[in-house]
Amino acid sequence: MVVILNIFLDALGIFTHGTNHPMKPFRVRMTHNLVMNYGLCKKMEIFRPKPSTIDELTQFHTDDYINFLGKVTPSNMETCIKDCTRFNVGDDCPAFDGLLEYCRRATGGSLEGAARLNHGLCDIAVNWAGGLHHAKKQEASGFCYVNDIVVAILELLRYHKRVLYIDIDIHHGDGVEEAFYTTDRVMTLSFHNFGEYFPGTGDIHDIGIGKGKYYSVNFPLREGVDDKTYKSVFEPVVSHVVEWYNPSVIVLQCGADSLSGDRLGCFNLSSKGHADCVRFVKKFNIPMLVLGGGGYTIRNVSRAWAYETGIIIGQEIGPGLPSNNSDNGYFGPEYTLDVHPSNMENKNTREYLEKIMITIFENLDRSRHAPSVQIQGSVHSLIIIT
Ligand SMILES: *[C@@H]1O[C@H](CO)[C@@H](O)[C@H](O)[C@H]1NC(C)=O
Ligand SMILES: *[C@@H]1O[C@H](CO)[C@@H](O)[C@H](O)[C@H]1NC(C)=O
Ligand SMILES: *[C@@H]1O[C@H](CO)[C@@H](O)[C@H](O)[C@H]1NC(C)=O
Ligand SMILES: [Zn+2]
């Protein structure tokens, strides 16, 4: 059974980071409309989760920071410049009306998905509004304020010994990596563009520390990755990691800024290539929490996530759009579901990719096979944030 969590049904036009800001929560609504109008809802349970409570958010974030997110507004920013600077609320991560409510709803979906997986109520839970991987313990970053992924993984750790996190956003999953850098109970695996690119972290040599050594895995890529190249590294690396780490649950962040033609991205993936990652991870038949993330050419984002929703429930959709979908006007000039690759030079040589893969496999060999731990009452103690 699959549960789809979607949270912005009531929020059309309510939450906006600003007209010129690339992050558009509206893309989740567009995705949802496609999913509904393709008739996919018949094969899944659609669920409207409760917004997270402040207590849930402060399982990871500091009280100070969450308190601040609840108070800051576009009109009072000038009176709290010091805190805005301290918590990095401003340019990339502007204050907007309903900011904390937005964070609570986005996190509520991921958390509810985690809880449902924990209780065996579904095999796959999806929250396209989640996946906000850059947020730090007490700092907003890269359009992310609250890290719904970390909060959801903490929930999963109450029932699961080992959680595997896989991130296919074009940006490094730095907030999640940092939160679990010192533990072997979460393995983080991020594929991302690297080299003078936000957020700047995610080097091949960043592998975790202490007990977490070898449990952070980074695949730094160069610009222009195409479907074939991505597949040639994603599949062997994920297979090895799953086999070796043996997770009982997987969290897959599906940031769609790795698609060709993204407003901020620089990869050359088609929606088929992106979705093949979802298809591949699903084949392991391990319970899975699927999340959104980046994605800034919103008509392409919603196409890709709707298509991936189809894959998750085992129904291929497209290439035609649903005739009864009132958003179809956004999908011109092609008016189809697919996102095609474009002309972009692939800067990843075979030699480079193989070198990275060998390093990753060598590190994996040095880690313990399926480390086993006692599950104790509190999981917060294993989070150390710098
Ligand atoms: C469009 O068609 C699908 C499939 O028949 C249906 O499930 C959905 O409710 C329809 N949407 C609208 C807006 O009528
Ligand atoms: C994705 O969006 C970009 C920008 O509009 C566009 O150039 C590209 O062709 C799109 N991909 C499609 C529709 O396949
Ligand atoms: C982008 O990818 C497609 C196939 O996936 C390929 O045909 C095209 O040549 C790529 N663009 C460049 C310039 O490499
Ligand atoms: Zn991103």
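Glycine residues also receive a Cβ, built from the backbone N, Cα and C atoms like all the rest.
Taken from TrEMBL as is:
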type: ACT_SITE; residues: His134; note: active site, proton acceptor
type: BINDING; residues: Asp92, Gly142, Tyr296; note: substrate binding site
type: DOMAIN; residues: 21-309; note: domain 'Histone deacetylase'
type: SIGNAL; residues: 1-18; note: signal peptide
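The Cβ of Tyr296 (substrate binding site) lies under 8 Å from the Cβ of Pro22, Met23, Lys24, Asp257, Asp262, Arg263, Leu264, Gly265, each on the same chain and at least six residues away in sequence.
The record assigns Asp92, Gly142, Tyr296 to the substrate site; their largest pairwise CA distance measures 14 Å. Across the structure, His134 (active site, proton acceptor) and Asp92 (substrate binding site) are spaced 12 Å apart at their Cα atoms. For Asp92 (substrate binding site), the same-chain residues 6+ apart in sequence whose C-beta sits under 8 angstroms from its C-beta are Ala140, Ser141, Gly142, Phe143.
Each residue in Pro22, Met23, Cys93, His134, Phe143, Cys144, Phe198, Leu264, Gly294 lies on the same chain as Asp92, Gly142, Tyr296 and has a C-beta within 8 Å of the C-beta centroid of that substrate site, without being one of the site residues. DSSP assigns Gly142 (substrate binding site) to coil, not to a helix or a strand.
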